[in-house]
Amino acid sequence: MNQQDTHKENLEFNKLQKKLRRNVGNAITEYNMIEESDVVMACISGGKDSFAMLDILLGLQKSAPIKFKVIAVNLDQKQPGFPEHILPNYFESLGIPYYIVDKDTYSVVREKIPEGKTTCGLCSRLRRGTLYSFAEKIGATKIALGHHMDDMVETMFLNMFYGSRLKSMPPKLRSDDQRNVVIRPLTYCREKDLIAYAEYREYPIIPCNLCGSQENLQRQNIKAMLIDWDTQTPGRVESIFKSTQNISPSQLADRNIFDFENLPLDRNGARAEYEFTEAEVSSSNINIDESMFIDVTNV
């Protein structure tokens with residue numbers, strides 16, 4: 001690569017890094033994800049998303065107006081062939097505090113899930129339970145996960161198509177055990193940007209042999225659908241995500257979040273803009289195009 005190409009690549013990297021940091025910073029601010037003196041447990045799987053999340057959090061930690069601590073945590077699920085040395089070496093190269101939690105969830109998943117069936121559900125539940133418990137042990141006040149915008153939109157369609165539920169991943173939530181706060185700093189980040197960023201940074205990516213590489217999963221089908229949509233109409237994924245921030249319960253059909261049985265009427269309230277007063281109806285100012293009507297007597 002010549003000097004000109006190197007300069008161009010550096011400019012592109014800097015632009016992408018600023019974009020991702022801005023998106024993460026906005027998400028953290030708008031959802032109050034990280035507060036003064038927080039201890040953030042960054043869950044690192046070895047995939048591109050969690051590597052990028054850790055990278056960006058460490059960068060923001062240096063420039064943020066508040067002080068917070070970041071601790072990297074990896075759950076070693078004892079998958080055969082898992083390169084145990086990669087993440088410790090990486091964390092040590094960064095000079096950050098970290099923990100490797102050993103928990104053989106792999107054997108449990110293989111025992112409970114028939115061959116060829118999706119392992120994601122059970123695997124994620126076992127992983128969450130272990131990480132939630134460990135967060136308390138180390139005094140973490142926030143648990144940071146590496147889900148991005150595409151993950152959230154995919155999850156919404158998965159729930160719609162296969163679960164008949166309008167549900168996604170929130171940027172911030174109280175955990176199932178009600179004892180931890182989970183945050184998703186990459187909420188405003190697109191996967192394609194994270195892929196490009198990971199290539200620039202040359203992270204030591206560890207592939208998942210349990211779920212991420214399985215073929216013909218429902219999530220992979222949804223992902224392919226969204227990629228096709230986004231190719232045909234750029235920005236569609238962002239629009240879908242923004243719709244989750246702009247919900248009108250009265251325009252849906254869930255009786256648990258809107259009282260359809262007892263709709264109050266405001267008889268004395270202001271008339272809607274499209275309604276006419278009696279005076280307006282009798283006024284010649286209203287022109288009616290008779291050609292717009294059908295004479296049913298001649299039908």
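Each Cβ is built from the backbone N, Cα and C atoms, and glycine gets one as well.
Taken from TrEMBL, the feature domain 'tRNA(Ile)-lysidine/2-thiocytidine synthase N-terminal' covers 41-201.
A Cβ distance under 8 Å defines the sequence-distant neighbours of the motif 'PP-loop motif' (45-50), meaning residues of its chain 6+ beyond its ends; these are 74-75, 86-87, 145-148, 151, 186, 191, 194-195, 197-198, 203-206, 208, 212. The motif 'PP-loop motif' feature in TrEMBL is assigned to 45-50.
All protein chains included, Cys123 ([4Fe-4S] cluster binding site) registers 20 other Cβ atoms within 10 Å of its own Cβ. Residues annotated as [4Fe-4S] cluster binding site in TrEMBL: Cys120, Cys123, Cys211.
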Note down the number of other Cβ atoms within 10 Å of the Cβ of Cys120 ([4Fe-4S] cluster binding site), including every protein chain shown.
18
To what whole number does the mean pLDDT across the motif 'PP-loop motif' (45-50) round?
95
DSSP-wise, what's the residue breakdown of the motif 'PP-loop motif' (45-50) into helix, strand and coil?
3 helix, 0 strand, 3 coil
